[in-house]
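Participant: Here you go, one structure.
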């Protein structure tokens, strides 16, 4: 797809090597069509890695997409050059008057803290509230899914006795919802988290629809407002070696960590991973952009504030 990215974003050259079509803003300006605007609130520590993972998956629509990156004000990442943040990211205050066709809020390494003790909790809840009036459809991923469910619907999270870590089989509860168009009856998703949300809490909230779950890893996806909000507990966006990198990182730190389940060929890290989630990851993001962003967003972006449930 012609994904329109700010010139010099590292993901451009990385994905060109994978034969994925992206264009910088100069070339995109020559195409006379209304692009979709998508904003990513990137809370992950390795921001360039997450950017590349998301761009890879957003690259499968025939529509032009303008991608912006948002950051938490006053928060200085430890693993990303400050020059990169200054060039490609904006604070929420700078974007609060804008409207977006789609938004993605990533996970964050704060899941074992109570929500209210997260240093940027007040700001992120302001962003969540803003998204309801300024964004057509939002994907909340991993910790962001837990945070959004808690903020909007009072759904709690629970500590797990051991990290949910690996690639797990999932089933569809609502197979005819467009977000699952083209999905198989069962599909695989990576998970990497120390906490969970529980189906009984989702089922208590009439505004929420439980879409998919796993016998091993529990709730995977819930939907609200007819698809204006999706809460996704797994990491479909992960590249093949992300779980391996997390495993080796924790081993190197001497942390208690088991091998990611259902991941390595013959359960042997030396043999590398078996990738079983790539196809459904691409379908997930393509379907979201098509059915919940492109087909539902008004031509005049400022009319997003008039939208109800889809």
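A Cβ is built for glycine as well, from the same backbone N, Cα and C atoms used for every other residue.
Okay, so Swiss-Prot annotates it like this:
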type: ACT_SITE; residues: 142; note: active site, acyl-thioester intermediate
type: ACT_SITE; residues: 235; note: active site, proton acceptor
type: ACT_SITE; residues: 237; note: active site
type: BINDING; residues: 163, 192, 249; note: substrate binding site
type: SITE; residues: 111; note: site 'Important for acyl-CoA specificity'
type: SITE; residues: 192; note: site 'Important for substrate specificity'
Participant: Count the other Cβ atoms sitting within 10 Å of the Cβ of residue 163 (substrate binding site), across every protein chain shown.
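Facilitator: Excluding its own Cβ, residue 163 (substrate binding site) sees 18 Cβ atoms within 10 Å.
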Participant: If we check Cα distances from residue 142 (active site, acyl-thioester intermediate), which of the recorded positions 163, 192, 237 wins as closest?
Facilitator: 192
Participant: Can you list, in sequence order, the residues of the same chain other than 163, 192, 249 whose CB lies within 8 Å of the CB centroid of the substrate site?
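Facilitator: These residues sit around the substrate site: 165, 243, 246, 247, 250, 257, 260.
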Participant: If we count other C-beta atoms within 10 Å, could you say which of the recorded positions 111, 235, 249 has the fewest?
Facilitator: 249
Participant: What's the CA-CA gap between residue 111 (site 'Important for acyl-CoA specificity') and residue 192 (substrate binding site) in angstrom, rounded?
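Facilitator: Counting only the Cα atoms, the answer is 11 Å.
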Participant: Can you see whether DSSP assigns residue 163 (substrate binding site) to helix, strand or coil?
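Facilitator: In the DSSP reduction, residue 163 (substrate binding site) maps to strand.
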Participant: Rounded to the nearest angstrom, how far is the Cα of the residue listed as 'active site, proton acceptor' from the Cα of residue 163 (substrate binding site)?
Facilitator: 14
